[in-house]
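The annotation transmembrane segment is assigned in TrEMBL to B:27-48, B:55-82, B:102-122, B:129-152, B:185-203, B:233-255, B:267-284, B:291-313, B:325-344.
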Amino acid sequence: MRAPDNPVAAKQDVLLAVDNVSLGFGGVKALSDVSFDIRKGEIRAIIGPNGAGKTSMLNCINGFYYPTEGQITFKGVKRPKMRPYLAARGGIARTFQNVALFKSMSTLDNIMAGRSLKMHANFFWQLFRHGPAMKEEAAHRRVVEDIIDFLEIQHIRKTPVGRLPYGLQKRVELGRALAMEPELLLLDEPMAGMNLEEKEDMSRFIFEVNQQFGTTIALIEHDMGVVMDLSDRVVVLEYGRKIADGTPDEVKRDQRVIDAYLGVAH
Amino acid sequence: MLYREAGQYKTNYAADMAIFPLREDRVGIAIIILAAYSLAFLGNSFLLQAVMIPFLVFSLAAIGLNILTGYTGLLSLGTGAFMGVGAYACYKLMTAFPGVNVIVWIFASGFFSAAVGALFGLPSLRIKGFYLAVATLAAQFFLQWCFIRIPWLVNYNVSGALDAPLRTLFGVPVVGATATPQTRYLVVLTIVILLTWIASNLVHGRIGRAWIAIRDMDLAAELMGIRPLQTKLLAFAVSSYYCGVAGALLVFLWYGGAEYDVFNINQSFFILFMVIIGGLGSLIGSFFGAALIFIMPIVLGIVLPAMLSPFGLSVGADVIEHLRFMIVGALIIFFLIVEPHGLARLWQIGKQKLLVWPFPY
């Protein structure tokens, strides 16, 4: 469906390109020579067995790690060595495998914190919590309330997130990432440890984010059913190498993927 | 009047985001402020001079440290030194420009300690926890060395001590030997209320959220676009500003003169204990902590002899003194066991219970 019939057009709607990226920690190679791209508006899944380098890949994309070799191109610009907040500024948001919320803050404040980059009232007005500062708070609160409505978490608005059950925490974390209005949303195992119902909800939210806001999504997930249903294209990693890349159907039939997941007879 | 949320509808976000969204809370704060002001006219000079003024000064310093340690999660042992910077800066400014009102210099002196604090906060980008505490300890020793060794700071005063020259506000002496405890109390109270209000504005807004985000999960905060270095340095600067003003108040509106060793490491620990016992990350906890650590021993000093005398026990002042230390120590341990998150948490739980009283939830 999205096969690059016209190579020029296909190049143009690439949002993020990973070219020959390798990442090593001392003697350990987490990624070696991985190349793939993420196109504007698609849901891109990164799958692979444990320790395949999926999370390391996300960490490279949002600037926690800098690839030892290779290049990452985001929105057509080759990225220099950068800190994560610059990636955030560029429009990359992310959720974590182990929920990384601000535990003592309420749901509201967590999602408000996601709006940090969009808030500009200066220090002087912040001192008095008046005028532009308060106007800004209220305006962003409105956006945050929309996100809360979208994720159906109205009832836990003012609860400190540390007290919430795991499934809801995951949802708040998605909300916090959405508050950044990202162009590229990275989801690291958004459905880990959830029951079926919660997984269905989360899948629905991910799908709706992609459809309604046109957000490009890259997700890591172990639930193959979810991956195959949600994603437009899948890249498969094993031991830090790319072993397959294509539509879910292509990947499913790939012998190397089957070997990686089921093992090879010796 | 019951303490209830019910029936108080908010029709806009600004009202819902108010610092005291409940009417009862607003009334309560108004009563406390009113009572604090009327104390100036009702209380005797011992109460004002020996209890209330230092309590407010220490509360202010505790708020300063709480912004750094409680809200931003950066442990600091340099509080005493930062207070000292404020005091010495205030002295230099006051004596260099005697024509300018002393209140202006008290507020201005905070900027000097803010600058020094931000400078010593630079290591906080790379180190955390106990290691940062050690780095701030360096600030404590270095600055204290400066206070002793640089006679310029005390205008080459042979005694090496800070003295409080006479300064007036609207013709009434506020600093100096002739200033009455009443005026000094009113000035300190007003400054503390003003700065507490500003601190509460800061911690409830974008900046406060950035501080807490850095404390709770610094990696995720950075991914939200919160820049760690700027946020931490701002916390150091604001925190030191508060400590600096508290230091200036301590010397010129409480002691009326001081030597360098007022700002030693003990002072730093003293303030740190207030913050920990009061509640990390709570402004009202700073007041509770200062009350427990500072006022409790005074109360015991008065109450203990009165309690012991009916039993025919006439004990010496030294025994009372020892008993006082033991009881305060025991109380601190008791409160920490009952509520490790400090008195502020107890207060929070109490309010929560009151909100739903007489039902359990």
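Every residue number used here counts from 1 along the chain in the order it is shown.
Yeah, the Cβs are placed from backbone N, Cα and C, and that goes for glycine too.
Across the candidate stretches B:102-122, B:129-152, B:185-203, B:233-255, B:291-313, the maximum count of CB pairs under 8 A to the transmembrane segment (B:27-48) is reached by B:185-203. Note on the transmembrane segment (B:55-82): residues 113, 116-117, 120-121, 124, 128-130, 132-134, 136-137, 139-140, 142-144, 185, 188-189, 191-192, 195-196, 199, 202-203, 208, 211-212, 214-216, 231-232, 235-236, 238-247, 249-250, 253-254, 262-272, 274-275, 278-283, 285-287, 289-291, 293-295 of its chain, located 6 or more positions outside it, place their CB under 8 angstroms from a CB of the stretch.
When the stretches B:129-152, B:267-284, B:291-313 are ranked by Cβ pairs under 8 Å to the transmembrane segment (B:325-344), first place goes to B:267-284. Outside the transmembrane segment (B:102-122) by six or more residues, the chain places 74, 78, 82-83, 85-87, 89-90, 93-94, 135-136, 138-139, 143, 167, 169, 174-175, 187, 191, 232-233, 235-245, 247-249, 252 with a CB less than 8 A from a CB of the stretch.
Listed stretches B:129-152, B:185-203, B:291-313 were compared with the transmembrane segment (B:267-284); the greatest number of C-beta pairs under 8 angstroms is found for B:291-313.
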